[in-house]
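First up is the structure itself, then whatever we jot down about it.
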Amino acid sequence: MRTLQDWVVRPQLRNVPGVTEVNTIGGYARQIHITPDPARLVALGFTLDEVANAVEANNRNIGAGYIERNGQQFLVRVPGQVDDIAQIGAIVLDRREGVPIRVRDVAQVGEGRELRTGAATQDGTEVVLGTVFMLVGANSRTVSQAAAERLKVANASLPAGVQAVPVYDRTALVDRTIVTVAKNLIEGALLVIVVLFLLLGNVRAALITAAVIPLAMLFTLTGMVRGGVSGNLMSLGALDFGLIVDGAVIIVENCLRRFGEAQLRLGRVLERDERFELTADATAEVIRPSLFGLGIITAVYLPVFALTGIEGKMFHPMAITVVLALSGAMLLSLTFVPAAIALLLGGKVAEHENRAMRWARGVYAPLLDRALRHGRWIGIAALATVALCTVLATRLGSEFIPNLDEGDVALHALRIPGTSLEQAITMQSTLEKRIKQFPEVAHVFGKLGTAEVATDPMPPSVADTFLIMHPRDRWPDPRKPKAQLLAEIEEAVKQLPGNNYEFTQPIQMRMNELISGVRADVAIKVYGDDLDTLVKVGQRVQQIASSVPGAADVSLEQATGLPMLAVVPDRAALAGYGLNPGVVQDTVAAAVGGQEAGQLFEGDRRFDIVVRLPEGLRQDPAALADLPIPLRGDGERGDVDESSRAAGWRSGEPTTVPLREVANIETVLGPNQINREDGKRRIVITANVRDRDLGSFVTEVQQRVQAEVALPTGYWIGYGGTFEQLISAGQRLAWVVPGTLLLIFALLYWSFGSLRDAVVVFSGVPLALTGGVVALAMRGLALSISAGVGFIALSGVAVLNGLVMIAFIRGLRADGMPLEQALREGALSRLRPVLMTALVAALGFVPMAFNVGAGAEVQRPLATVVIGGIVSSTLLTLLVLPVLYRWLHRARPGRRAPKAVG
């Protein structure tokens with residue numbers, strides 16, 4: 001099967017666009033083995049090296065340039081490759097008394113297997129596993145689908161009874177997350193449209209506003225295609241159709257109000273020219289604050305591009321799509337929406353509000369009056385809320401990014417160092433058969449040790465096991481929590497002796513390894529010089545980490561305990577024979593590991609020719625001790641020249657010495673692995689975190705380790721894993737968020753030309769952030785990069801309604817209306833657009849916040865923050881903002897009424 005994989009399946013898959021490598025593990029790579037008999041070698045005076053050199057010299061093609069004759073050019077070629085095993089055996093090593101001595105006279109020649117360093121299993125049976133590697137920048141879904149199609153073609157080339165089947169394809173996860181995103185977008189759009197119909201009270205106006213959604217989406221998709229941004233969980237996950245229509249809602253609502261007032265005043269339906277003129281006036285009243293509001297929301301996403309590393313890779317596509325969508329919405333608000341209103345909004349327009357708005361106005365009016373009467377207490381309550389939520393935010397806990405439930409499970413199995421590959425395969429097969437007993441598991445496959453290309457080097461005692469689950473609808477109990485299933489599997493596999501396990505997920509495991517070099521959430525690294533000291537300190541740290549609540553799969557790197565057969569050259573004995581240690585090293589390496597002696601070609605297939613001891617002698621230390629070491633030579637490699645060899649053979653003088661006379665063979669325990677980081681030895685304790693946030697877990701571990709572990713001089717402890725990314729991203733957000741707030745304030749000042757009014761509207765940001773914090777706490781979510789991006793987005797959303805209301809109040813005051821009357825009239829007049837923009841923005845995120853599909857975990861904190869923040873910022877806009885505006889604009893001698901913004 002390995003030959004079929006190497007020469008039939010693999011070449012076809014490597015030709016798939018976007019594929020850079022197909023790495024193979026498992027099975028046996030075919031070789032041609034020449035296995036000399038040591039006794040025959042000694043009797044005839046040959047060495048392993050001489051046999052290998054003779055085969056290599058008799059198995060090559062030579063090009064000798066070209067000649068010209070009669071106007072033609074002829075290439076000169078001297079072929080000398082062997083065609084089959086028989087020709088290898090017939091190669092002459094030497095001639096003794098006229099009789100040729102051939103390879104077959106001192107060795108067996110036949111087919112053999114490569115000394116493998118890894119294996120693969122599935123459902124308890126050995127298999128050959130190929131892993132397809134993708135080019136950097138390629139689309140994983142496209143490449144995976146193309147590879148799957150090519151695999152079907154490759155199957156037609158395989159003999160009967162052999163089949164190549166995909167065992168893991170992350171396209172399935174990508175498809176599930178896309179389904180989640182599509183569901184969120186569709187449900188969000190439907191909720192937004194329902195709110196538009198309910199609160200606008202006009203079917204045609206609602207349809208015009210709703211039409212912005214598909215048009216803006218078309219604009220977004222066009223920009224994504226042009227910019228090479230693929231549609232996925234992150235790029236489309238943060239689109240909120242409520243935010244997209246906010247600008248249109250403000251314009252449509254104001255036009256409806258002005259149309260109703262005009263029809264009531266005139267007592268008739270408006271003519272076309274009148275509609276056009278009135279639409280222009282109504283749009284002009286709100287277009288500046290509307291566009292500035294959308295512009296601010298768009299602008300707050302720009303600092304997201306300052307994120308780097310993993311968080312940058314994740315959130316840059318989201319920022320691009322949101323900016324594209326909002327830019328399209330602004331363009332449509334300037335062009336399509338006013339034109340559609342003027343053209344399509346003919347006939348009678350209701351001059352009264354619907355029942356829902358009349359009820360809302362009846363509730364809001366007395367609350368507004370009470371707030372204006374008790375402005376001082378309203379301000380104190382707002383400040384207290386911000387202070388309390390600031391304290392609450394420090395207790396939420398933190399994590400880098402919420403773990404996405406991939407559906408499948410990865411299990412890292414650790415066995416005793418020195419476990420042979422065959423023994424590890426037996427243990428792995430038992431493990432897989434035990435896991436396969438769970439009906440929720442579709443199949444189990446694993447890879448042990450190191451593959452052909454060492455992209456993921458591991459000793460044979462370590463295995464990556466992948467549990468591919470059935471879809472939930474095929475589980476005996478579809479409502480069974482995955483955590484419960486994992487607990488049951490963990491309990492079952494712990495009953496198997498000789499294994500330790502770390503549970504994670506396939507992609508999560510690889511991401512952790514790529515980010516920090518470990519496969520777990522947290523890595524505690526102990527640095528120092530002496531390996532034994534590092535192990536002792538590591539064991540103490542492991543005990544502490546295991547006792548911290550939330551710790552799971554805590555393990556210490558297997559640094560020692562690897563059994564070795566050490567062949568130690570005896571320098572004194574070697575000097576007596578005139579040899580050096582290199583002779584012993586080269587001979588032992590060739591005898592046990594094998595020495596390549598060319599290749600045998602069969603068509604386009606080629607197989608290595610290897611000289612080494614017979615398998616029975618390789619495994620026998622006593623036979624190894626009798627290995628002949630050449631005596632006379634060039635002083636470097638111990639090679640015996642032809643005349644010396646022939647003379648020694650004729651005279652009966654020994655030309656070799658047994659290995660046991662020039663080296664000591666002993667079994668010792670050596671280091672299993674020695675890892676260095678920044679030029680210093682280090683050992684790692686890894687842990688996963690369950691049922692607790694990452695940040696508080698690491699903080700507690702750090703405090704306990706610092707208090708309970710005494711480090712020798714020259715030793716220190718560092719922390720890694722995804723925790724490193726959390727710290728890095730937090731440091732970057734520490735200046736990105738203030739920069740975002742400063743940008744918002746600058747835009748507000750540019751819009752109003754008034755520092756006081758900019759302060760009034762900007763005050764909506766702190767209260768909006770408090771709503772986001774409370775929402776996270778109510779849902780038990782930790783602060784994460786996803787939530788941080790939600791707070792950045794919320795900062796822009798929070799000022800939209802305040803911007804529109806203050807602009808309207810300024811307009812009323814510019815017309816000569818007293819401050820108190822302008823505040824009440826402006827607040828009540830803007831109630832409908834404020835509620836509509838808040839509702840559509842919040843409801844657009846509701847599916848994202850409460851969906852339980854694949855990938856919802858990553859979107860949930862962002863959506864939760866925005867919904868909670870919109871609720872609190874709406875309360876601010878309706879109650880606190882008028883109070884703050886009156887406090888900053890109380891009549892003073894010489895102060896003039898502000899200019900209208902429009």
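Placement of Cβ uses the backbone N, Cα and C atoms for every residue, glycine included.
These figures come from a predicted structure and were not determined experimentally.
Taken verbatim from TrEMBL:
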type	residues	note
COMPBIAS	633-644	compositional bias 'Basic and acidic residues'
REGION	633-653	region 'Disordered'
TRANSMEM	189-213	transmembrane segment
TRANSMEM	233-256	transmembrane segment
TRANSMEM	291-310	transmembrane segment
TRANSMEM	322-345	transmembrane segment
TRANSMEM	377-396	transmembrane segment
TRANSMEM	733-752	transmembrane segment
TRANSMEM	759-778	transmembrane segment
TRANSMEM	784-809	transmembrane segment
TRANSMEM	830-850	transmembrane segment
TRANSMEM	862-885	transmembrane segment
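Tertiary neighbourhood of the transmembrane segment (830-850): same-chain residues 183-184, 187-189, 191-192, 195-196, 199-200, 237, 240-246, 249-250, 253-254, 353, 357, 360-361, 364, 797, 800-801, 804-805, 808, 856, 859-860, 862-864, 866-867, 870-871, 873-874, 877-878, selected by CB-CB distance under 8 Å and a gap of 6+ residues from either end. Contact between the transmembrane segment (377-396) and the transmembrane segment (291-310) is not supported: fewer than 3 Cβ pairs lie under 8 Å, counting only residues 6 or more apart in sequence.
In summary, the transmembrane segment (862-885) lies against the transmembrane segment (759-778): three or more C-beta pairs, each 6 or more positions apart in sequence, are under 8 Å.
With Cβ pairs under 8 Å as the measure, the transmembrane segment (291-310) is packed most heavily against 784-809, out of 322-345, 733-752, 784-809. Below 8 A, the CB atoms of the transmembrane segment (189-213) and the transmembrane segment (322-345) form 3+ pairs separated by six or more positions in the chain. Two recorded stretches are said to be in contact when at least 3 C-beta pairs lie under 8 angstroms, sequence spacing 6 or more; the transmembrane segment (233-256) and the transmembrane segment (784-809) meet this definition. Long-range contacts of the transmembrane segment (322-345) within the same chain, counting only residues at least 6 positions beyond its ends with a Cβ under 8 Å from a Cβ of the stretch, are 202, 204-205, 208-209, 211-212, 215-220, 223-224, 238-239, 243-248, 251-252, 255-256, 259, 272, 275-276, 279-280, 283, 287, 290-291, 294-295, 297-298, 301-302, 793. Distant neighbours of the transmembrane segment (784-809): 238, 243, 246, 250, 285-286, 288-290, 292-294, 296-301, 303-304, 307, 311, 314-315, 318, 322, 398-402, 726, 729, 733, 736-737, 740-741, 744, 748, 751-752, 757, 760-765, 767-769, 772, 776, 822-823, 826-827, 829-830, 833-834, 837-838, 841, 858-866, 869-870, 873-874, 876-877, 881-882, 885, 900-902; these residues of the same chain sit at least 6 beyond its ends, with a Cβ under 8 Å from one of its Cβ atoms. For the transmembrane segment (759-778), the residues of the chain that approach it from at least six positions outside its boundaries are 382, 385-386, 388-390, 392-393, 396, 741, 744-745, 748, 752, 787, 790-791, 794-795, 797-799, 801-803, 806, 861, 864-873, 875-877, 880-881, 884-885, 888, judged by C-beta separation under 8 angstroms.
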